[in-house]
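Peer 1: In case it helps, Swiss-Prot gives these features for our protein:
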- 128: active site, proton acceptor (ACT_SITE)
- 12, 73, 74, 103, 104, 105, 106: ATP binding site (BINDING)
- 22-26, 55-60, 155, 186-188, 212, 214-216: ADP binding site (BINDING)
- 104: Mg(2+) binding site (BINDING)
- 126, 127, 128, 163, 170, 171, 172, 223, 244, 250, 251, 252, 253: substrate binding site (BINDING)
């Protein structure tokens, strides 16, 4: 029977992580469980840096960006000896189960703990929206608003100078954030990992737009696709139009979470406690068609596929 749980945030931070922690803590306390907060993700778990959390520990947290528990990347957690120390720390603290909030790297850590018999629940916290088994991740909608606002501002100056602007958006190897922001921001061209990219084809499309009378354009591109400064230089050379690249960077991860992210995080946090009390471990939480769902975390990582929104891409092309 579960009496005490731990909660940690891991990997890149996302707006709404604090709301998720709050959801976990308050739901657990309501059910009579104790909660230990673990600082700095798996690193803090390995180093045994924890704190007991009560209702007041998470007061005034629902609207705050970032994560008050801190986060860190800790690739050393792949080492079974490191994980053995982490498990020993959990047992020493009397922790019976763990809630992990983060992206796919965080899920891998939870998967490894699950494989050696420690109950874990994963909550999808990442702006990339690249987690399998869920329509949306905690932080995605806040980041989307941040990116669209940046695109709106870039359009103002691009229009003034009749310039081509390239905006690089986070997402790692998933184009969801780029695609949604590009549609909402009215971008003329979209470059995402799921669709084959050729810079000569992009230039041809830009030239076609210029021939139709377009005075400026915005190209939205997912990070890691190419060097955007080099791409800007190439476009300017081929089109004769001034072209500048803007890398939005970590500003996309910050800021107060929008209402949907707060609600999603709160619901998922409370749902994680429901699952643990029902005897579920080794699960990851998602939302599909606005209904909370849970999947086997090992199956989700190893077997599930995340479909690309090809219909969104087709829509975007019609709006160029």
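Positions of Cβ are set from backbone N, Cα and C atoms, glycine also.
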Peer 1: Cβ within 8 Å of the ATP site's Cβ centroid: which residues qualify beyond 12, 73, 74, 103, 104, 105, 106?
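Peer 2: After dropping the recorded site residues, what remains is 10, 11, 41, 102, 108, 109, 126.
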Peer 1: Count, for each of the binding-site residues 25, 170, 251, the other C-beta atoms lying within 10 angstroms of its own C-beta, and report the residue with the smallest count.
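Peer 2: It is 251 that, of the binding-site residues 25, 170, 251, has the fewest other Cβ atoms within 10 Å.
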Peer 1: Which residue, out of the binding-site residues 103, 105, 186, shows the minimum number of other Cβ atoms inside 10 Å of its Cβ in this structure?
Peer 2: 186
Peer 1: Do me a favour and check the Cα-Cα span between residue 22 (ADP binding site) and residue 12 (ATP binding site); whole Å is fine.
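Peer 2: Between the alpha carbons of residue 22 (ADP binding site) and residue 12 (ATP binding site) there are 19 Å.
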Peer 1: In three-state terms from DSSP, label residue 106 (ATP binding site) for me.
Peer 2: helix
Peer 1: Across all protein chains in the structure, which of the binding-site residues 56, 74 has the highest Cβ count within 10 Å?
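Peer 2: Top count of Cβ atoms within 10 Å goes to 74.
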Peer 1: Out of the binding-site residues 12, 73, 105, give me the one sitting nearest to residue 59 (ADP binding site) by CA distance.
Peer 2: 12
Peer 1: In the three-state scheme derived from DSSP, which category covers residue 212 (ADP binding site)?
Peer 2: coil
Peer 1: Run through the Cβ atoms and count how many others sit within 10 Å of the one on residue 126 (substrate binding site).
Peer 2: 30
